[in-house]
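**Student:** I have a structure I would like to understand better, so I am pasting it below and will then ask my questions one at a time.
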Amino acid sequence: MTSRFRLPAGRTYNVRASELARDRQHTEVVCNILLLDNTVQAFKVNKHDQGQVLLDVVFKHLDLTEQDYFGLQLADDSTDNPRWLDPNKPIRKQLKRGSPYSLNFRVKFFVSDPNKLQEEYTRYQYFLQIKQDILTGRLPCPSNTAALLASFAVQSELGDYDQSENLSGYLSDYSFIPNQPQDFEKEIAKLHQQHIGLSPAEAEFNYLNTARTLELYGVEFHYARDQSNNEIMIGVMSGGILIYKNRVRMNTFPWLKIVKISFKCKQFFIQLRKELHESRETLLGFNMVNYRACKNLWKACVEHHTFFRLDRPLPPQKNFFAHYFTLGSKFRYCGRTEVQSVQYGKEKANKDRVFARSPSKPLARKLMDWEVVSRNSISDDRLETQSLPSRSPPGTPNHRNSTFTQEGTRLRPSSVGHLVDHMVHTSPSEVFVNQRSPSSTQANSIVLESSPSQETPGDGKPPALPPKQSKKNSWNQIHYSHSQQDLESHINETFDIPSSPEKPTPNGGIPHDNLVLIRMKPDENGRFGFNVKGGYDQKMPVIVSRVAPGTPADLCVPRLNEGDQVVLINGRDIAEHTHDQVVLFIKASCERHSGELMLLVRPNAVYDVVEEKLENEPDFQYIPEKAPLDSVHQDDHSLRESMIQLAEGLITGTVLTQFDQLYRKKPGMTMSCAKLPQNISKNRYRDISPYDATRVILKGNEDYINANYINMEIPSSSIINQYIACQGPLPHTCTDFWQMTWEQGSSMVVMLTTQVERGRVKCHQYWPEPTGSSSYGCYQVTCHSEEGNTAYIFRKMTLFNQEKNESRPLTQIQYIAWPDHGVPDDSSDFLDFVCHVRNKRAGKEEPVVVHCSAGIGRTGVLITMETAMCLIECNQPVYPLDIVRTMRDQRAMMIQTPSQYRFVCEAILKVYEEGFVKPLTTSTNK
């Protein structure tokens, strides 16, 4: 049937045109918004309105104060090419298909620190977002961290663990990760029991504090292909632009390095600053799948740079001719920046707001397989970190970090004289204190173990909302290609990266008058339970570097937090005092009449320091070759670039900043066995214990020894260097040491300490004198010879098992040139020592036993150094921070101090530059 028909008078009537005219008069459209609690809410708006109108009605519905962190993502776009609703563009021009339209309410900008979010309700929205991203596979997460995050989520939703109510299988109706295995629930339940006393708000804060350490936290990915037609991913984040290829981060371009980002048609360009040795600036080009994908990536870069790096958005450019014609995109980010958002939240946030949390219905959501979606672009277990500075927080996320709920006394400088009027009391708690080295410069010994404080949970849980319907977005694979043409003259969409104006504080920084008074009394051993670093002599502010759980510093209200800057100690200004003087001031508090320590701190000032150092962060280059290179040349290029990055990082100091931010203990790893009553005496230091998952287990009834397996895999080779990192034997653990050596088949022991340093016993002599023999249980050790020089000693021994009547030759290599305090001034002797170790263990597959006193500091330095040498030989890039992270995933606190880390970084650079170890054409074993 046609739309035209002839009337008797010979006239026509166009039915379709009439219907279109009718539709044009109906301007109201329906937008279905999928919220973060998996509910769908319909909103009616005028299709001619700007996108901001729809955003405003959604924010009003949610009663959301801190709005600038969130946005609406178009649901018809795939997640690998995200497109956000533009607040300054008419809705009808963005939503092309017929009403109703579907959009997803999501977090758009992920803050680096949850303390920047002022309202508990805002943090709850973040919590829902990240929980959803992990469940759907959008945010890959290692299993141990996933279990810890899930336990915080359970604590938030179910409250305290109750053995009578939380029976076996009480988590069977919940899903937290894709393809969740059955034993995963048991691990969650075990961790859930450790969170007794945490309120929902505290559990969610700890959830966010842990989630921000994930590799892909806050990264928005867009897919592309390189010159070999291999898939790469271009990620946009707060710090700059990332390039991933074959699961490996190939490079990072910080905003400081980028001059301009631009696009034309489907070609996206990054223009980099000119290096000193370069004659002109570098222009990188990438071919996207189409114009829309290219512009989406460009807009994401503009928004992230403006939000995180500028104090305020750039004003629109005024041009007389702009009314008549335009060239390029008129898009500019016009919302609040992070600086403005934090300040706005402080002024407008309702911190006493009460709201109802939605119960999880995770099984209603159809899970997505990340591996299938990304076509092996990323793996949650095998993602390799190469060039991006770590975003991990200082230390392990603390289970009782509640600065967001306990508002401290806010003081201005004019009120400092009245500090004595503000009294805060702490609750007593039983604590255990670690041993402290006389060479330590810490204010107090680290206190790690304590009996849990008994806190009364909240009076009641907020009412639960009805079960929600869930929804899943489709993920479509998009293909891109890579271009390196220099098309400077053909670009029609540009965004110049402005130089940051002088500003009093970096983005999100805390104003100088935002001070908090903290009071605490020492425990029965005279310890406060926190460490500080910095001082006038170190040209750094005094920063709290660690707060141990269950200690006075942890239990006081307001709580002392890692990253707080100490301004006054007992009313004394410490701005011009050295580190040692600051330590003495803190110790002297125990001798005061009141015995009380009074600190005036600037909360979380460490983030000011970190962001200020971003101005001097190392530059990274990613310069595609004109023709595909063979793998050997590619590896050599990556190795050279990693050494350039390391050298610049040592000059600017960013390597130490990144090291300070790395977790000391891997989140989720337990050390329960070391704390059993029968094993406590076997630990040389109370705060240095082996992980349960990687500890060496002895045969027999008493199976404990303070030792961990550490395996270091060398990529692109068959090499896996196996170590056993352990503490120096005590008089009553020598038998355990030799039993471990025998059972593990080890034929080499590397010792990195002398027996006594500065009057303190660091290691008991667990071997006999030359030509002598000693028995240790059923093991007899004979020392045949001892020779060496001023730096190291070689001992040839025989280990004899009297029960089995079997013997084994054994070599002990002891390094004796490490100074009593600090690190060696020159690494030459140490590098010679490492080379001897490598030569002695060549061809051996059994683990090498390595120990110093605690088994973490110098032991970590040696393992890092040998691993770096192997990587150089195999033409692989060397990233020391990744090596330390890998070690700490297997034994806590490996490489103990920043000075040790700097020493090994300088030694690695020396090995490369002076040719101690040279790349081989083929990967061979040592």
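One is the number of the first residue shown, and numbering goes on along the chain from there.
Glycine is treated like the rest: Cβ placed from N, Cα and C.
OK, Swiss-Prot features for this one:
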BINDING   Asp820, Cys852, Ser853, Ala854, Gly855, Ile856, Gly857, Arg858, Gln896  substrate binding site
DOMAIN    655-911  domain 'Tyrosine-protein phosphatase'
MOD_RES   Ser474  phosphoserine
REGION    380-412  region 'Disordered'
REGION    430-475  region 'Disordered'
**Student:** How far apart, in angstrom, are the most distant Cα atoms among the substrate-binding residues Asp820, Cys852, Ser853, Ala854, Gly855, Ile856, Gly857, Arg858, Gln896?
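**Tutor:** The substrate-binding residues span at most 16 Å between Cα atoms.
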**Student:** Just to be sure I understand the packing, how many Cβ atoms besides its own are within 10 Å of the Cβ of Ser853 (substrate binding site)?
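**Tutor:** So the Cβ neighbour count for Ser853 (substrate binding site) comes to 23.
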**Student:** Using the structure shown, find which entry in Gly855, Gly857 (the binding-site residues) has the sparsest Cβ neighbourhood within 10 Å.
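**Tutor:** Looking at the binding-site residues Gly855, Gly857, the Cβ with the fewest others within 10 Å is that of Gly857.
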**Student:** By the count of other Cβ atoms within 10 Å, pick out the sparsest of the binding-site residues Asp820, Gln896.
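**Tutor:** Checked Asp820, Gln896; of these binding-site residues, fewest Cβ neighbours within 10 Å: Asp820.
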**Student:** Could you pull the average pLDDT for the domain 'Tyrosine-protein phosphatase' (655-911)?
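**Tutor:** Computed over the domain 'Tyrosine-protein phosphatase' (655-911), the mean pLDDT is 92 on the 0 to 100 scale.
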